[in-house]
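Participant: For reference, the structure I am asking about is given below.
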Amino acid sequence: MSLLIVFRKKLNDWYHNLKPKYTTEQVVIKHQKRVFNSLKNNFDLAKIDSGNFEMALLAFKDSQKLELYIKNPKTSYQLIKTYNFTAFSGKIGPKLKNGDKQIPEGIYTMEYLNPNSRYHLSLKVSYPNAFDLEKAKADNRSDLGGDIMIHGKKVTIGCIPIGDQNIEEVFTLAAKSSNQKFPIIISPTDFRKNSNFPNIENIDWEKELYSNIQTELEKYNT
């Protein structure tokens, strides 16, 4: 690592530590009026009560899209809005190790919200999950990496960035959602539209992974 890169990292760390710290509640109070006003028509068209909802996020790597699904407790999920990735790293295929710059592929949940992210705001994805750990053990792989986030800004080395204004929406909805550990499904492509599974080098379990993802995607109306 060059001295310039080290200096820039230390400068960024210093600047980040100087910034005021916020709670999730403070962030939600700041953004919720704009967020719910901007999405009012989306909720109304779907006939979903914005005061009592559950959510899910579906990410597709080939199209670089993040889909937001919302439902009331007794209804099915409906697509409310689609966000574009603002940057992308890696290629089609699951994340296998720390530093491979791959966006994971699998069935995950939201672990926690970070109101003080270096990338404006962020949501933690529950990578590695039980499936990732099982396959890593079978393959004799270790150090799978972590800290996979959905966040703001326009940079990534394995996370999903969607820009600052969009993450404000997703963050606020995540904080207000009644299912705090909501589903986050990350797929190479939308298997509801294309049932052809990609062949991935160096592993022999991609069909099992993609079959699991395909089954889970069927729960969500396009």
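A Cβ is built for glycine as well, from the same backbone N, Cα and C atoms used for every other residue.
From TrEMBL, here are the annotated features:
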- 55-187: domain 'L,D-TPase catalytic' (DOMAIN)
- His151: active site, proton donor/acceptor (ACT_SITE)
- Cys159: active site, nucleophile (ACT_SITE)
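Give me the lay of the land around each of these features.
Facilitator: Here the Cβ of His151 (active site, proton donor/acceptor) has 26 other Cβ atoms within 10 Å, regardless of which shown protein chain they belong to.
Counting only same-chain residues at least 6 apart in sequence, those with a Cβ under 8 Å from the Cβ of Cys159 (active site, nucleophile) are Ile103, Tyr119, Ser122, Asp147, Ile148, Met149, Ile150, His151.
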Participant: Taking all residues of the domain 'L,D-TPase catalytic' (55-187) together, what is their mean pLDDT?
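Facilitator: When the pLDDT values over the domain 'L,D-TPase catalytic' (55-187) are averaged, the result is 97.
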Participant: Within the domain 'L,D-TPase catalytic' (55-187), how many residues are helix, strand or coil going by DSSP?
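Facilitator: Grouping H, G, I as helix and E, B as strand yields 23 helix, 43 strand, 67 coil.
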